[in-house]
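Quick look at what TrEMBL annotates:
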REPEAT    119-152  repeat 'TPR'
REPEAT    204-237  repeat 'TPR'
REPEAT    246-279  repeat 'TPR'
REPEAT    288-321  repeat 'TPR'
REPEAT    331-364  repeat 'TPR'
REPEAT    373-406  repeat 'TPR'
REPEAT    415-448  repeat 'TPR'
REPEAT    457-490  repeat 'TPR'
Amino acid sequence: GLWYVNLTLLDISDLSAGMNTSLYDYLSEMSFHENEPLFILCILLEQMGEFERSKQFCHLILRDLPEGHELIAVQGHLALIEYELGNFHDAKSICEQSLMIHSKLDHDNNEKTISKPLSHLHSNLGMILSELGDYKGAIFHYVQAISIDEVLLSKDHVDLAVSFNNLGMAYADLGHFKEALYWLEKRALKLQLLKLPENHPDLATTYSNIGETYCENGNYKKARENYERVLAIQKVALSPLHPSTASTFNNLGVMCEKMGDYDAALAYHQQALEVLLHSRTLDHMEFAATYNNMAAVFDWRGNFDEALCHYNKALEYLLTSLGTDNHPAVACSCNNIGMVHFQRENYDKALEYFEKTQKIEETLLEKNHSSLATTYNNLGMVFAAVGRLADAMEYHRRALTIRRRALSKNHPELASSYDNMGVVYYKQGHYKTAIDFHQKALSIQKKALANNHPSMATTKQHLGDVYFRLGNYRAALKLYADALNMAQNCLPASHPSIEKYNVKLRQAKAKLTKK
């Protein structure tokens, strides 16, 4: 039979209101065994998504705890809650304080101890630093977690795959795709294939991370293959319309979008939406992600009205879920809306949204976070478009400085910075420097991206513009033709870029005919 037991321990709706904790004190003295049941409740509430209530119980436990390993475990959990709430700096501070306590305990006891809570602490700090954009710091702490787990567990224990996944994704964020794929494919996946059944959900997580890494590297075919493996596992292991399939449908949609198959992309995103609508719980964040992805498809198609409509829906869901506009996800959403206004040449609105993004990110993120580089890059593009060339160059230089520090030398985002700086040099009349920067961008793109990537087409067009201005119409014609060919291979026929490249091609041909 089943027992249903309803226990009310404490009403902790407001700790600051002088809550009566006599029941807690009594139970702690009598039978609570070092607060363990309360800590289990903290973990349970966090897993239920009740982050604020879990946080309140953590503070209640910490109230009387002396410095020791139990305090480190509770603080590690509190850091995880702050991370879930988007309070990354608070989370980082708690982890660092806990590591200092651990170091002090070791020093006082003249020993070097390792434990599962210490491993979790390093792992959590790695996640937090990744969110803050300190990918090298994240890698350091993930390696620490792995070295501890390899002592506590056997070296081929399947739980190590979680840490291998984390480390791989940190390398991917840094733009070190070779190292990322080593940890994801050669270590995590290889271990899981040996230890787990072929349709285990943890395998789906690893395939998803591998797919994301190939996507970042511009290898969309391999990314799509891995996402399809995820979906195949989910169809066997999960019930139809299980909420987890929504993110997989979204990932497959993104892949189709990047490969230029916009009808298939929308179909996948609509499947994600159907899953969410049938879900028992209303996952506002996943709804936001789905509408954001659908907006991106409309954006690529050049259907800016629909893109704007869907980006605004995504923002509404985000604000409902988060209850604040001071969150990195809101900054990302504002950035997307700003880009649509930029493409529509509505530069005042674009600037408004990019500055909103900048304000949020400069408050919440580390100063070298790659998201800030993207925002500075976008602000630079707006300033270049309205003729504020000194401001444009200043923001592009800020973006480039961050990207050089945070990313690998062949990361596509570095190419974006070089290309946009080339545009500013072109507008300033520094044509030789402009050519150098566009060629730097192309050199990276040829190594990092698929052959017909839209970004490469854009760079070729920009380089063509410089040669056209210099009167080298034959070189310009070749570059415009390359850009057009690339665009026709990856964009729909109605996309504005195709018409733009056609116009430039005709202009170059006309100049050559006159000669």
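The backbone N, Cα and C atoms fix where each Cβ goes, and this holds for glycine too.
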Same-chain residue ranges lying at least 6 outside the repeat 'TPR' (246-279) that approach it to Cβ under 8 Å: 204, 208, 211-212, 215, 220-221, 223-224, 227-228, 230-231, 234, 286-287, 289-290, 293-294, 296-297, 300-301, 489-492
Secondary structure composition of the repeat 'TPR' (288-321) [DSSP: H/G/I, E/B, coil]: 32 helix, 0 strand, 2 coil
Local confidence of the prediction over the repeat 'TPR' (457-490), expressed as mean pLDDT: 96
Sequence-remote partners of the repeat 'TPR' (415-448) [C-beta within less than 8 Å, at least six residues beyond its ends]: 217-218, 373, 377, 380-381, 384, 387, 389, 392-393, 396-397, 399-400, 403, 409, 455-456, 458-460, 462-463, 465-467, 469-470
Long-range neighbours of the repeat 'TPR' (204-237), counting only residues six or more past its ends (CB under 8 A): 161, 165, 168-169, 172, 175, 177, 180-181, 184-185, 188-189, 192, 198, 244-245, 247-249, 251-252, 254-256, 258-259, 412, 448-450, 453
Folded-back contacts onto the repeat 'TPR' (119-152), same chain, C-beta under 8 angstroms, at least six residues removed: 72-73, 76, 79-80, 83, 88-89, 91-92, 95-96, 98-99, 102, 159-160, 162-164, 166-167, 169-171, 173-174, 328, 365-366, 368-372, 406
The repeat 'TPR' (331-364) - residue tally per DSSP class, helix then strand then coil: 31 helix, 0 strand, 3 coil
